[in-house]
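Annotated features in Swiss-Prot:
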type	residues	note
TRANSMEM	53-73	transmembrane segment
BINDING	H100, H413	Fe(II)-heme a binding site
TRANSMEM	103-123	transmembrane segment
TRANSMEM	141-161	transmembrane segment
TRANSMEM	188-208	transmembrane segment
TRANSMEM	227-247	transmembrane segment
TRANSMEM	272-292	transmembrane segment
BINDING	H278, Y282, H327, H328	Cu cation binding site
TRANSMEM	304-324	transmembrane segment
TRANSMEM	329-349	transmembrane segment
TRANSMEM	373-393	transmembrane segment
BINDING	H411	heme a3 binding site
TRANSMEM	412-432	transmembrane segment
TRANSMEM	447-467	transmembrane segment
TRANSMEM	490-510	transmembrane segment
Amino acid sequence: MVVGLSPRRLGTLRRMAVDRRTKSPRRTPARQRTNRTLGRALVRWATTTDHKVIGHLYLATSFGFFLLGGVLAMLMRSELARPGLQLFSNEQYNQLFTVHGTIMMLLFATPLFAGFTNVIMPLQIGAPDLAFPRLNALSYWMYLFGGLMVVSGFLTPGGAASFGWFAYAPLNSATFSPGPGGDLWTMGLVVSGVSTTLSAVNFISTIICLRAPGMTMFRMPIFTWNILFTSILVLPAFPVLTAALLMLEADRKFGAHVFDAANGGALLWQHLFWFFGHPEVYIVALPFFGIVTEIIPVFSRKPIFGYVSLVGATIAITFLSAVVWAHHMFATGAVLLPFFSLMSFLIAVPTGVKFFNWIGTMIRGSLSFETPMLWACGFLVTFLLGGMSGVLIASPPLDFHLTDSYFIVAHLHYVLFGTVVFAMFAGFYFWWPKFTGKLLDERLGKIHFWTLFVGFQTTFLVQHWLGEQGMPRRYADYLAADGFTTLNTISSIGAFLLGLSTLPFLYNVWRTHQYGEKVGRDDPWGYGRSLEWATSSPPPRHNFTSLPRIRSESPAFDLHHPDVTRHDQRHVQ
């Protein structure tokens with residue numbers, strides 16, 4: 001017997017000796033192994049500077065906010081399905097639509113662009129990472145912290161912000177909207193807005209300074225061009241919003257009187273907000289135009305039609321979007337109607353050029369309608385309808401009739417949902433093998449598309465008619481005598497179908513992660529054109545083990561189909 005050891009300690013030593021003799025160490029419980037794996041993943045996410053991991057964090061977080069915003073939307077549509085107040089008070093309804101709009105514009109669509117940019121843009125230009133990796137990580141954590149500040153208003157005694165996502169003065173003041181919810185909204189958007197500005201600087205620096213040898217500006221993919229000009233557009237827009245929000249907080253907490261209505265502050269706020277707000281529409285649109293422009297040539301088996309004109313259209317949209325902000329203010333009577341109306345009509349021209357090029361790429365192409373192409377076509381249909389209604393309300397006489405009605409709600413959802421959500425899912429299905437090395441299931445993807453497409457059209461098409469009949473936006477209630485009940489019920493049914501459409505996608509992601517087969521090649525679609533399809537799926541830490549020669553705007557296609565490339569070159573000569 002060993003002196004000085006307790007019986008329990010002796011038993012432990014004997015078991016260890018048996019384990020050594022049999023060479024079969026004791027197995028760690030499954031739960032403990034899972035906790036260790038999760039812990040390591042959390043540490044890796046918290047400390048990473050890898051642009052791909054940060055991009056995945058952006059995509060996952062923004063999609064989480066998208067789901068939360070969708071839940072808030074379904075709660076609103078539940079209230080509006082029938083006349084009378086069923087579920088919420090007027091104040092609670094105000095909180096729902098305020099946080100819904102804020103999430104969808106500033107916590108979902110904007111960081112979603114940063115997510116796709118982080119993952120894809122360095123691959124497309126042959127860069128090993130972003131120019132400032134640590135700044136990139138800081139930007140993500142600032143976005144997450146700011147977003148949590150905004151939604152944490154629901155946990156305060158007075159509830160979340162309730163003055164609408166564009167927070168018109170004087171309703172945004174502490175007098176009319178007291179409580180910490182408004183302050184959390186204001187400062188949360190300051191933090192997340194600074195994050196977006198820092199990301200824009202990072203993206204511009206990367207595109208200008210870190211392109212691979214041979215990757216000239218006019219060999220860059222259209223997606224990267226759109227990211228460049230989106231980031232340029234962020235630089236004047238977001239600092240204006242940040243400054244306006246800081247002045248608003250000074251009003252609320254320190255009595256600064258910047259936005260007092262007696263001093264013209266109400267109109268000042270509108271000018272400052274919409275000087276940010278309309279460029280913001282294109283900040284969240286241009287990257288998704290780029291995603292669609294990457295997808296259509298691959299499934300048309302053709303190069304993009306009109307590469308240079310697409311770049312020119314992007315430049316024109318960038319500059320025109322900065323001079324149309326006051327078309328949101330026609331009804332104030334305090335803006336130059338002819339100028340802003342003309343500029344609003346004019347911005348439709350470069351957008352029409354893009355449609356011409358997208359359709360021109362498909363004409364006489366060998367089209368195949370895999371899931372990414374379906375989503376791209378859904379984008380074309382939906383965004384076109386939204387753009388047509390936008391041309392209508394660019395006319396001041398029509399805008400006077402339709403402003404602040406459900407026609408505006410329908411228009412903005414056709415433009416923004418039609419662009420961001422349809423192109424987001426197109427990008428997910430297209431680049432998922434590049435993200436993870438596995439293809440999402442095609443059958444589930446098609447179920448997802450058609451369910452969402454039908455749900456979206458059912459929800460928002462009828463809202464044009466509601467607005468034309470005079471139903472105001474942001475009302476929690478209406479009378480049966482108003483005649484809005486039938487269309488509101490249809491819209492609410494569509495909203496729940498829209499919500500249910502997300503379930504096939506979530507199941508598809510889980511099923512692919514658990515049981516999906518590795519694609520095993522650089523380009524699972526077979527006709528990828530840009531440089532990300534010339535590296536493994538998923539890529540290594542610094543993206544490329546070797547770079548192919550870059551002699552055109554389609555380096556991956558040149559690499560994988562040299563015979564076609566040589567034939568095309570001989571044909572051109």
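Note: Cβ is positioned from N, Cα and C throughout, glycine not excepted.
Here the C-alpha separation of H327 (Cu cation binding site) and H413 (Fe(II)-heme a binding site) works out to 17 Å. In the three-state DSSP assignment, the secondary structure recorded for Y282 (Cu cation binding site) is helix. Across the structure, H100 (Fe(II)-heme a binding site) and Y282 (Cu cation binding site) place their CA atoms 19 angstrom apart. Within 8 Å of the centroid defined by the CB atoms of H278, Y282, H327, H328, the record's Cu cation site, lie the Cβ atoms of W274, G277, P279, V281, S321, V324, W325, S344, excluding the listed residues themselves. Note: the CA-CA distance between Y282 (Cu cation binding site) and H413 (Fe(II)-heme a binding site) rounds to 14 Å. In this chain, the transmembrane segment (447-467) touches the transmembrane segment (373-393); three or more CB pairs sit within less than 8 A of each other, excluding pairs fewer than 6 residues apart. Touching of the transmembrane segment (304-324) and the transmembrane segment (272-292) is concluded from the presence of at least three CB pairs under 8 A, sequence neighbours closer than 6 excluded.
Around the Cβ of H411 (heme a3 binding site), a 10 Å sphere holds 23 further Cβ atoms from the protein chains shown. If you look at the transmembrane segment (490-510) against the transmembrane segment (272-292), you find fewer than three C-beta pairs under 8 angstroms, all six or more positions apart, and that falls short of contact.
Note: the stretches the transmembrane segment (53-73) and the transmembrane segment (447-467) are not in contact (fewer than 3 CB pairs below 8 A, sequence gap of 6 or more). Distance noted between the C-alpha atoms of H413 (Fe(II)-heme a binding site) and H328 (Cu cation binding site) is 16 Å.
Around H328 (Cu cation binding site), the same-chain residues six or more apart in sequence whose CB sits under 8 Å from its CB are Q270, W274, G277, H278, listed in sequence order. Non-local neighbours of the transmembrane segment (227-247) in the same chain are 113, 117, 121, 186-187, 189-190, 193-194, 196-197, 199-201, 203-204, 207, 256, 258-259, 269, 272-273, 275-276, 279-280, 282-283, 286-287, 290, 314-315, 317-318, 321-322; each lies 6+ residues outside the stretch with a CB under 8 Å from one of its CB atoms.
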